[in-house]
Amino acid sequence: MADFRVRVSTGKAFGAGTWDKVSVSIVGTQEESPPLPLDNLGKEFTAGAEEDFQVTLPKDVGQVLLLRVHKAPPALPLLGPLAPDAWFCRWFQLTPPRGGPLLFPCYQWLEGAGSLVLQEGTAKVSRADHHPLLQQQRQEELQARQEMYQWKAYNPGWPHCLDKRTVKDLDLNIKYSTAKNANFYLQAGSAFAEMKIKGLLDRKGLWRSLNEMKRIFNFRKTPAAEHAFEHWQEDAFFASQFLNGLNPVLIRRCHYLPKNFPVTDAMVASVLGPGTSLQAELEKGSLFLVDHGILSGIHTNVINGKPQFSAAPMTLLYQSPGCGPLLPLAIQLSQSPGPHSPIFLPTDDEWDWLLAKTWVRNAEFSFHEALTHLLHSHLLPEAFTLATLRQLPHCHPLFKSTGIGIEGFSELIQRNMKQLNYSLLCLPEDIRTRGVEDIPGYYYRDDGMQIWGIPSSLETREALVQYVTMVIFNCSAKHAAVSAGQFDACAWMPNLPPSMQLPPPTSKGLATREGFIATLPPVNATCDVILALWLLSKEPGDRRPLGTYPDEHFTEEAPRRSIAAFQSHLAQISGAIQERNRGLVLPYTYLDPPLIENSVSI
């Protein structure tokens, strides 16, 4: 006979407690105990409770290896067993008659009746499981995970994803919390009602004027959105958005002009100034290119019964000497030069040049939403997450360190998947490949490189460290950089139009204010997109900023010290970012660590 003390911690979230009966079996090197009820007088396992139980083993089981948790609904006289409910267990602590306490992290929802096997919390790879029972348990857990989390192809050419039909089919452990889900729908409902009251959601016609658009601009304004409204027509602001806007991943240094972008010295002399030339600036490395060629010939949508249009522009930019701003030099709205694809310049008529820049911004919207955001920051992280769930047991160290129209989106994703490579997902290599290491005022690069800096001093594990860093960065900081500013960029719709109702111009001198407005999306489509991007930019509660780990999976001192060091480093980065931002007209806040979620969360 041996007496053990069992301490149990229940989560604090809404609905975390249970009325079900819980028992444990202690699995040792010699044998497994029968189920031992955890039963005190009164109600057990209420939300937020930590409770102690005394259990007596009829026989010595030897050295403790595993803890098997059983959960079943209570039986009431005459009524029989109640329907089982869910329980969120944080951890079990087992104190044997001799020796120190053993912690068994859980941090899972247990739905219905059934059993769950937990290992003691020391992180271990498979070769460290010396006992056959531990090896068997690891294999059984992986098999169960692979049955629960199965792959499917959502669309041809897309990354594979979880094989579930609807959100309702998801396991509780990978769903939004009840509080977060409720908050999300409350926010959506209030925003929808506001738009409905203004009579904008049902209007299918054109905007009457730019002034009328201000009616929707007053919807939940932010300082960054107001800055966009005030400066959207300026060349310097247009160019700056390639560095610190919604899609800061496409600009690259230009060492030679593409053959299908025949810009001449005469075209750009007014911006470059005297005493220089295109070739001289190319050799100096002061010219940059943004190429939306992947949009060429893409399938377009139909809105309100009217076909929409798309362009595949190329934009040449110039970094002026010293601390001067980045400026646009030339824009071509197709990949095929010729008399019907003119090169637009800052010296052109005001509306010609503004319309050309707006077509580029529309291309930015399509590229960003389909590729930078949906593919790189949601679909690929889902694949990483699903692989983790299927291949790493709960005790594995990596598990502990760890969310155009549809045809056009699908086509873009298929094209980009063929081009996608590992280097593009690794920020330092991506920055080097695009040749933008030294372009000034590139805060996405500066802040991102600081956050990327997870040490990789273990030479034999360098590739693994880089891969895990890539996954963590893309699921946290990269997603924040390309998601949190969506509403800021689109609240003033002409700055980032989601669709265009007229085809790209094929000649100069014809653009007018009225034609510009007629090209922009209709009222209801504008409101639909702004509503959606407001919701996607706003975290619906239950936040877990980068570096915070409420689920305490780590029991050893070494990883706890690493976590503390990481948190201290993030605090230093945050202080430096906030100090820099105090001197900026438009602060860059998207990569300030307290504002970055630990993972894709919306």
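Each Cβ is built from the backbone N, Cα and C atoms, and glycine gets one as well.
Since this is a predicted model, take the numbers as computed values, not measurements.
Database features, via TrEMBL:
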DOMAIN    2-124  domain 'PLAT'
BINDING   Gly15, Gly17, Asp85, Ala86  Ca(2+) 1 binding site
BINDING   Asp39, Asn40  Ca(2+) 2 binding site
SITE      Trp109  site 'Essential for stabilizing binding to COTL1'
BINDING   His373, His378, His479, Ile602  Fe cation binding site
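Looking at Gly15, Gly17, the binding-site residues in this record, the fewest other C-beta atoms within 10 angstroms of the C-beta turn up around Gly15.
In this structure, the CA atom of Asp39 (Ca(2+) 2 binding site) is 45 Å away from the CA atom of His479 (Fe cation binding site). Each of the binding-site residues Asp39, Asp85 was assessed for Cβ neighbours inside 10 Å, and the highest tally belongs to Asp85. Local packing around the binding-site residues His373, His378, His479 was summarised as the count of other Cβ atoms within 10 Å of each Cβ; on this measure the leading residue is His479. Nearest to Ile602 (Fe cation binding site) in space, judged by Cα atoms and limited to the binding-site residues Gly15, Gly17, Asp85, is Gly15. For the domain 'PLAT' (2-124), the DSSP counts in helix, strand and coil order read 0 helix, 65 strand, 58 coil. Recorded residues Gly15 (Ca(2+) 1 binding site) and Trp109 (site 'Essential for stabilizing binding to COTL1') have their alpha carbons 10 Å apart, per Cα-Cα distance. Of the chain residues outside the Ca(2+) 1 site list Gly15, Gly17, Asp85, Ala86, Ala16, Thr18, Trp87, Phe88 have their Cβ within 8 Å of the site's Cβ mean position.
Take the Cα of His479 (Fe cation binding site) and measure to each of the recorded positions Gly17, Asn40, Asp85, Ala86, Trp109: the nearest one is Trp109. When the alpha carbons of Trp109 (site 'Essential for stabilizing binding to COTL1') and Gly17 (Ca(2+) 1 binding site) are compared, the span between them is 10 angstrom. Here the candidates are the binding-site residues Asn40, His373, His378, and by Cα distance the one nearest Asp85 (Ca(2+) 1 binding site) turns out to be Asn40. The Cα of Ala86 (Ca(2+) 1 binding site) lies closest to that of Asn40, out of the binding-site residues Asn40, His373, His378.
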